[in-house]
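Student: Handing you this structure, nothing more for now.
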Amino acid sequence: MTVHESRAEVPSHYAREGPPHPETLIDFRIALTSMNRNGLEKALYDVSVPGSPLYGKHLSLEEVKSYTSASTHSVMAVTELLAEYGITDVQLENAVHDYLTFSAPVHAANDLFDTDFHSFVHVPSGKRAIRTLQYSVPKDLLSHINVVHPTTSFDLATPLSVSISYGKRSLESSNLNSSCANTITPQCLQDLYDIPTTPATQSSNRIAVPGMIDYWAQYADLEAFLARLRPDMPSNTTFSVDSIDGGTNPQGPEDAGYEANLDIQYTVGMATGVNTTFISIGPNYTDGAAIGFLDIVEYLYNMTVPPQVMSMSYGYQEWWLTQSQAQQICDVYMALGARGVSLIFGSGDGCVSGAERNDTCTEFLPAFPGGCPYITSVGGTYSINPELSTNFSSGGFSGYFARPSYQEQAVAPFLENLGDTYAGLFNASGRGFPDISAQSHNVEIVTGGETVYINGTSCSGPIFASMVALVNDRLIAAGKPVLGFLNPFLYNNTQIFTDITAGLPNAGCGTGGFNATSGWDPITGLGTPNFLLMLNAAGLSGDD
């Protein structure tokens with residue numbers, strides 16, 4: 001037996017309660033190793049790097065599965081191992097990765113994985129689950145098993161929405177003539193980033209907006225938002241709803257969720273005419289946030305024609321997951337990117353302490369999935385003329401994922417100028433995030449029939465996602481492929497951004513954090529985008 005994953009100690013905010021009853025059943029998912037994971041990564045870059053002969057030739061579902069499926073040998077080898085321990089009711093599930101799912105009592109799981117499972121409680125929430133700090137697999141099966149869940153990932157905390165609401169006012173008393181320096185509206189963004197108001201024309205063009213943790217998008221609030229802030233659009237413009245894991249979308253002021261309303265209002269209300277789907281993720285995913293995040297992207301992955309853009313405003317700390325679990329989720333993003341889907345996430349609102357503010361941490365805490373190299377992470381700015389970096393924008397360097405080649409040239413000057421400052425507090429060879437930034441302060445929405453003002457990179461994510469969707473619409477109309485995985489395009493076209501060189505640092509962990517500087521920095525990335533320059537970089541003009 002060889003140790004497959006381990007933790008040195010019980011993570012903070014968790015307490016060990018003791019061993020569960022030996023007959024307690026645990027539901028396991030063993031993710032089997034893909035046949036050609038590295039081949040898929042090469043294929044992703046082949047279709048995503050501008051100038052590549054295969055640029056824009058995105059893969060079909062069947063083509064991606066040829067890389068990600070497990071070999072028959074892997075399925076048989078692990079199934080035979082389980083049978084040796086009396087576990088014969090095993091199901092093979094085909095998703096991005098192939099999984100073997102089964103249930104086993106604690107005593108059998110302890111023997112199977114040469115470990116001691118214990119009950120743990122997440123103290124702040126009171127949530128309990130069975131986990132271990134270390135597990136092993138037979139040495140000759142290491143190459144067949146990617147990750148076993150639930151084992152060493154401590155992801156019981158609720159995924160964090162990256163926004164903060166404040167300053168409610170009735171619609172009647174809210175000032176429509178506020179300066180964009182004080183309140184950000186669609187009109188402000190259209191002026192600031194040259195975003196067009198002309199409607200999209202391609203019915204195949206779609207945005208997906210996942211929602212979690214009982215945040216529900218309200219039709220009435222969207223209608224009021226459009227009537228107030230996009231009077232040029234029909235106020236009955238709406239969105240469709242899909243659900244997974246028992247998700248619902250109840251309506252009424254008592255069910256209004258500012259996160260869901262923000263995401264919907266700044267996609268429907270910014271990507272004029274683009275079909276938008278709210279995906280409600282219910283409570284039926286078990287054993288941690290990681291499974292919920294996997295369910296979202298695997299749902300999209302299994303579509304014959306997935307939406308071309310996904311904008312998501314939830315995240316968590318990278319350390320909640322083990323490196324293998326984080327890699328598994330990140331590789332699903334890679335598979336979606338290869339299919340031509342742009343995955344856009346707010347970077348988080350915890351400064352250098354990751355997804356949530358923490359002044360007691362002794363090292364910088366990267367957020368997830370911001371550190372995954374196959375998604376686009378969007379930081380936050382405030383003010384206009386000039387735009388400035390916000391003090392909450394999460395940014396830094398992944399502790400798990402190496403810096404990808406597409407950003408090496410942009411990140412290296414920042415690290416050189418930083419020198420020994422914060423040496424040892426972060427992984428200087430890690431993937432840097434965010435990639436870009438956009439407005440994230442005093443963004444006006446309507447929720448529960450009231451005007452609400454939002455701070456957070458939940459604002460900047462859907463704003464940029466809408467711009468990407470509008471570029472895609474013009475590309476589709478011109479018979480060209482959509483942008484797909486964005487980052488090689490973005491880092492190859494830095495002229496499309498306004499460099500943010502001043503503002504507030506993202507202080508945290510008892511330090512002053514990082515500052516906005518000339519070029520890429522881990523608070524505003526490459527800067528804020530301009531739609532017309534994005535069009536030009538994509539080979540189109542403002543007349544297209």
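Glycine is no exception: its Cβ is also placed from the backbone N, Cα and C atoms.
So TrEMBL says this about it:
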REGION    1-21  region 'Disordered'
DOMAIN    183-541  domain 'Peptidase S53'
ACT_SITE  Glu259  active site, charge relay system
ACT_SITE  Asp263  active site, charge relay system
ACT_SITE  Ser458  active site, charge relay system
BINDING   Asp499, Ile500, Gly519, Asp521  Ca(2+) binding site
Student: Counting only residues 6+ away from its ends, which parts of the chain sit with a Cβ under 8 Å from the region 'Disordered' (1-21)?
Tutor: 106, 114, 116-124, 128, 130, 133-139, 142, 145, 147-148, 151-152, 154, 156-157, 319-320, 322-324
Student: In the region 'Disordered' (1-21), how many residues does DSSP assign to helix, to strand and to coil?
Tutor: 0 helix, 10 strand, 11 coil
Student: When a 10 Å sphere is centred on the Cβ of Asp521 (Ca(2+) binding site), how many other Cβ atoms does it contain?
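Tutor: Cβ-Cβ neighbours of Asp521 (Ca(2+) binding site) within 10 Å number 30.
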Student: By CA-CA distance, flag whichever of Ser458, Asp499, Ile500, Gly519, Asp521 among the recorded positions is nearest to Asp263 (active site, charge relay system).
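Tutor: Result: the closest of the recorded positions to Asp263 (active site, charge relay system) is Ser458.
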Student: Return the member of Ser458, Asp499, Ile500, Gly519 nearest to Glu259 (active site, charge relay system) in space, with distance defined Cα to Cα and candidates limited to these recorded positions.
Tutor: Ser458
Student: For Asp499 (Ca(2+) binding site), which residues in the same chain are close in space, meaning a Cβ under 8 Å from its Cβ, but six or more apart along the sequence?
Tutor: Ser518, Gly519, Leu526, Gly527
Student: Near Ile500 (Ca(2+) binding site), which residues of its chain come within a Cβ-Cβ distance under 8 Å, counting only those 6 or more away in sequence?
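Tutor: Residues satisfying the criterion: Thr381, Pro386, Glu387, Leu388, Ser389, Ser437, Ala516, Asp521, Thr524, Gly527, Thr528.
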Student: What average pLDDT is reported by the model for the domain 'Peptidase S53' (183-541)?
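Tutor: Across the domain 'Peptidase S53' (183-541), the average pLDDT comes out at 91.
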Student: Inside 8 A of the center formed by the CB atoms of Asp499, Ile500, Gly519, Asp521, which other residues of the chain have their CB, for the recorded Ca(2+) site?
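Tutor: Near the Ca(2+) site, beyond Asp499, Ile500, Gly519, Asp521, sit Thr501, Ala516, Thr517, Ser518, Trp520, Thr524, Gly525, Leu526, Gly527.
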Student: Looking at the active-site residues Glu259, Asp263, which sits with the largest number of other Cβ atoms within 10 Å of its Cβ?
Tutor: Asp263
Student: Other than its own, how many Cβ atoms are within 10 Å of the Cβ belonging to Gly519 (Ca(2+) binding site)?
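Tutor: So the Cβ neighbour count for Gly519 (Ca(2+) binding site) comes to 16.
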